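Q: Let me begin by handing over the structure; questions about it come next.
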Amino acid sequence: MYHDLIRSELNEAADTLANFLKDDDNINAIQRAAVLLADSFKAGGKVLSCGNGGSHCDAMHFAEELTGRYRENRPGYPAIAISDVSHISCVSNDFGYDYIFSRYVEAVGREGDVLLGISTSGNSGNIIKAIEAARAKGMKVITLTGKDGGKMAGSADIEIRVPHFGYADRIQEIHIKVIHILIQLIEKEMVKA
């Protein structure tokens, strides 16, 4: 009944991944991001991650697998997803939604830490403000974006961009693959410590 639709969806997902893989800059950016994160951890730093909607879930998933585990048991790594509901509702009410991540970065971010901002459009105002706050704190910034990078293009130390201009879910599918690879590479780098 839906076999053609199912095949079409899976083929489109495979095509999006294949297009991402064609660009060696994407592979290099993933490697550089993993090394940057591991170097921060080795120096006593942490990563703060943020996103909206599905990207918020990806930010939490990233932090959870760093503090908990990915595939194998190992020590937890210092990662915080900016996802505290009381913080988000307070800042949204008192300052505005654009400040939900930046206020948290201002409060707990330190020089040597890393911000991971995830936005499929690259136009999330609250992540742009978080990047500005991270810069003011002397933090490094990694972004996972899509399409043409939006307003976030060029704002990070390392941008990993999925150049897909269709639905956001295709971009998110690559983002979660990148997140898992980042964790795998971080684990390899931390063994070298």
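Placement of Cβ uses the backbone N, Cα and C atoms for every residue, glycine included.
Take a look at what Swiss-Prot says about it:
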{"type": "DOMAIN", "residues": "37-193", "note": "domain 'SIS'"}
{"type": "BINDING", "residues": "ASN52, GLY53, GLY54, GLU65, ASN93, ASP94, SER119, THR120, SER121, SER124, GLN172", "note": "substrate binding site"}
{"type": "BINDING", "residues": "HIS61, GLU65, GLN172, HIS180", "note": "Zn(2+) binding site"}
Q: Relative to the Cβ of ASN52 (substrate binding site), which residues of the same chain, six or more apart in sequence, are found under 8 Å away?
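A: Non-local contacts for ASN52 (substrate binding site): SER119, SER124, ASN126, ILE127.
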Q: Within a 10 Å radius around the Cβ, which one of these binding-site residues has the most neighbouring Cβ atoms: ASN93, SER119, SER121, GLN172?
A: SER119
Q: Per 10 Å Cβ neighbour count, which of the binding-site residues HIS61, HIS180 ranks highest?
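A: Output for this query is HIS61.
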Q: Please name which of the binding-site residues listed here, HIS61, GLU65, HIS180, is nearest in space to GLY54 (substrate binding site), Cα against Cα.
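A: Out of the listed candidates, the nearest Cα belongs to HIS61.
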Q: Considering each pair of residues in ASN52, GLY53, GLY54, GLU65, ASN93, ASP94, SER119, THR120, SER121, SER124, GLN172, all listed as binding substrate, report the largest CA to CA distance in Å, no decimals.
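A: It comes out at 32 Å between the most distant Cα atoms.
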Q: When you measure from the Cβ of GLU65 (Zn(2+) binding site), which residues in the chain that are at least 6 apart have a Cβ under 8 Å away?
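A: Result: ILE179, HIS180, ILE183.
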Q: How many whole Å apart are the CA atoms of GLN172 (substrate binding site) and HIS61 (Zn(2+) binding site)?
A: 12
Q: Can you give me the Cα-Cα distance between HIS61 (Zn(2+) binding site) and SER121 (substrate binding site) in Å, rounded to a whole number?
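A: Rounded to a whole number, the Cα-Cα distance is 20 Å.
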Q: Restricting to the domain 'SIS' (37-193), report the mean pLDDT as a whole number.
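A: Within the domain 'SIS' (37-193), the model's average pLDDT equals 97.
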